[in-house]
Amino acid sequence: MFSLGSWLPALPGLAWGWALLDALLQGLVGACAVSVLCSLLKVYLYIQCVNKPERQAEKEAIVAQRPLLEPLHVLVLTGVLALVGSRVAALVVLEFSLRAVSTVLSLGKGAHSSQLYLLCQYSLGCGVSCSLSFLLEGAPHRSWNLVLAAGLAGLLALHARRLARHVCALYELHSRARYCGICILLLAAGHGIPRLLRNALALTFAVADLAAVELINRDFLSTGEAVRFWTPLTICYTLLVVYMQEESRQSTGKWLVFRTVLVRIGGLFILLLTVGRWTDILHVFVSLLGELWCLLRSGVLLESCWRQ
């Protein structure tokens, strides 16, 4: 009575199959969370470009994004998040949390916030997946809970995507004519979207950080093993944050983001070569693909953030 698989007879490989299903459902919830984030940022950036002649090229680029690619993006990201193990996903979440705190303290809020939201896409997916894995561990009817969570996340992502399409097609007309309640609301309160996202992401990553620490610590049998893992991890992440802050001050642009991803994943790869397992190494390469996929998909939005 604890999961979908418990109602079926015990067969070889059946437990592995249900574990794979749970991983796919967790990945789907994380991918839907990323989709909602991108849709809301698309709405915000489009509204910022309206009625500004110098930003018409950005507005046209945002509108020109192909909506049919969004389901493919969610599908690929679901597979990536399902393949990444909880250990590496937890490390990705902790690394981004440290980087986000450092960025907010050093650069403050404003135009940098929108770019930081786009850079957290893959980390957000990992954070949601880690949180679900931790919160539902040992829960009755775990698989049914994940099915419900995936359904609700899918509906939320679908409505956010429809909102983005509506705004890109009709916002200018409706906001001038005061015709559509949604567009009038966005005209009055659209500037508050970053604050809404900031609060939601802060809560999500607070839960994800707690889950990540617990998921990592459960693999250690003694305090000595935990200290041997956390000490080099802390040093590595601190050096990475310092290096990336210096890089961001000296140069900007699209390639800086991709170079930063390579440096971060490379540092994590070297760290896990010394204190990790061979499966962790494989999951690091999967994480690299996930990071690059998210950045390539949101290239137009990143360009708009840099030009603000």
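Residue 1 is the first one shown; counting continues down the chain.
Every residue gets a Cβ built from N, Cα and C, even glycine.
Note: TrEMBL annotation is automatic and uncurated.
Listed in TrEMBL:
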- 1-17: signal peptide (SIGNAL)
- 68-94: transmembrane segment (TRANSMEM)
- 114-136: transmembrane segment (TRANSMEM)
- 143-164: transmembrane segment (TRANSMEM)
- 227-244: transmembrane segment (TRANSMEM)
- 256-275: transmembrane segment (TRANSMEM)
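Panel annotation: around the transmembrane segment (114-136), residues 26-27, 29-31, 33-34, 37-38, 41, 44-45, 77, 80-81, 84, 86, 89-90, 92-93, 95-96, 100, 103-104, 142, 145-146, 149, 194, 197, 201, 204-205, 207-212, 214-215, 257, 287, 290-291, 293-295, 298, 301-302, 305-306, 308 of the same chain, lying at least six beyond its termini, place a Cβ under 8 Å from a Cβ of the stretch. Residues of the same chain lying 6 or more positions beyond the ends of the transmembrane segment (143-164) and with a Cβ under 8 Å from any Cβ of it are 3-5, 18, 21-22, 25-26, 28-29, 32-33, 35-36, 39-40, 42-43, 46, 67, 70, 74, 132, 136, 182.
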